[in-house]
Amino acid sequence: MRTLNHVYAFAIASRLTTITIAILSYLTTGTYDSSADIQLASSSLIQRCLSVFLRWDALYFVHIARQGYIYEQEHAFFPGLPLVSRYLAQTVFSPIKTYLGEQHTIILAGALVTNISFILAAGSLFKLTRSIFPGYPQLAIISSIAFCLSPPSMFMSALYTESPFALLSFTGMLWYSQKHYLGASILWGLASSIRSNAIVYSGFFMYDLILRRIGKCTMITGLIRSILYTAITLSGYTAVQYYGYLEYCPERPWCTQTIPMIYSFVQKEYWNNGFLAYYEVKQIPNFLLALPIISLTVVGLWKYAQYDWLWFCSLGFLSSKDQVKEPTMSYSSRRAAPFMYLWGLLLLYAVTCMHVQVIIRFFTALPPLYWFTAQLWINGFGKQGKIMQQWISKIVLSYYVLYGLVGIVLFAAFLPPA
């Protein structure tokens with residue numbers, strides 16, 4: 001319990017530091033893009049400080065919170081965070097709306113949601129890591145610290161979905177690891193109303209309840225349960241698509257598709273997301289920007305699979321070891337296998353179908369990224385660390401900290417990358 005409190009304290013300190021740097025940077029240098037300032041018309045110091053949370057996608061979230069979905073392209077942004085922000089602005093924070101104004105009150109409510117979510121997510125990651133690696137408490141606390149130092153630091157505090165999504169993801173994964181499948185599916189269903197990638201969490205049920213039971217008499221019941229939990233996990237995403245269908249069909253072209261989904265259409269039509277759509281010469285700088293996280297992921301997966309390639313590649317059905325036993329290296333625990341498969345699947349999707357630089361934010365809710373980072377730091381900064389391990393640890397730590405600091409200043413100035 002004491003260690004968990006230390007995690008919460010570090011998470012709070014990281015948010016206070018991030019927000020302070022952002023506000024000071026904004027107040028002293030201003031912004032390159034004045035669209036947020038024009039929209040908000042901030043006059044008081046408090047209003048100006050709150051405006052630092054409104055950049056890039058956050059403009060869409062505030063607009064959706066105030067007026068709902070007006071334009072088709074806005075359906076790239078899911079309603080979970082805007083709805084919660086609007087509800088809090090109209091209830092808990094309604095007394096200060098007269099002073100701050102509607103928009104600033106929504107921003108305040110949303111910023112509190114994201115930052116409280118971040119702090120709680122750090123604790124959930126700690127608990128999840130203790131559940132997956134029960135004999136390695138050091139990995140749990142260092143993984144949580146790695147999360148608190150996430151490179152897209154300001155995005156985790158601004159009016160973005162990364163922190164609430166991480167909280168629901170980590171807590172759902174914790175409950176999944178404890179076999180509380182129904183609770184996990186409900187949390188992931190809520191997560192799928194915040195970000196679309198929550199739907200892949202249904203794979204956890206397929207892994208546990210179907211793949212691990214092939215040839216067993218419980219496979220049929222496992223299949224039925226898996227279908228039920230998958231339906232719950234997809235519920236938020238499905239509701240968003242159904243709402244879009246009711247609003248726009250049958251007039252829009254995507255309505256005639258076999259499975260009419262507004263989200264897929266909007267991502268391709270307005271945001272140029274699609275298979276290999278980002279593979280252009282002019283996007284090389286963005287691929288370089290994503291290279292550190294891609295490299296960490298590739299090496300992390302390779303290191304995990306290295307202990308038993310046959311077991312990893314056969315989804316656990318075969319093994320090259322004479323005796324199946326828990327690896328001595330904490331990071332290679334077989335209980336982490338479904339999380340590693342998820343990591344690899346999302347890497348493949350990110351580098352082929354997304355704006356690849358967004359992988360830095362896309363992976364903030366993936367525990368294996370922090371587990372591997374923690375393992376590198378434990379090996380490199382420990383007393384037994386070799387020179388190469390020490391250098392690698394320093395490079396990774398420097399990347400986390402420097403990218404985070406530069407990102408805060410650029411975000412406050414309304415400058416890319418975003």
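Just so you know, glycine gets a Cβ as well, placed from its N, Cα and C.
Model, not experiment: these values are computed from the prediction.
Per TrEMBL, transmembrane segment is recorded for 7-27, 106-126, 138-161, 181-207, 227-244, 284-302, 339-363, 369-385, 397-415.
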Ranking 7-27, 138-161, 227-244, 284-302, 339-363 by Cβ pairs under 8 Å to the transmembrane segment (369-385), which is first? 138-161
Surrounding residues of the transmembrane segment (227-244) on its own chain - C-beta under 8 Å, 6+ positions past either end: 69, 75, 78-80, 181-182, 184-186, 188-194, 196, 198-199, 201-202, 205-206, 209, 260-263
Could you tell me what the rest of the chain brings near the transmembrane segment (181-207), counting residues at least six beyond its ends with Cβ under 8 Å? 78-81, 161, 164-165, 168-169, 171-173, 175, 225-226, 228-230, 232-237, 239-240, 263, 315, 337-338, 341-342, 345-346, 362
Going along the chain, which residues at least six beyond the ends of the transmembrane segment (397-415) come within the CB cut-off of under 8 Å? 18, 21-23, 25-26, 29-36, 52, 55-56, 146, 149-155, 158, 292, 360, 373, 377
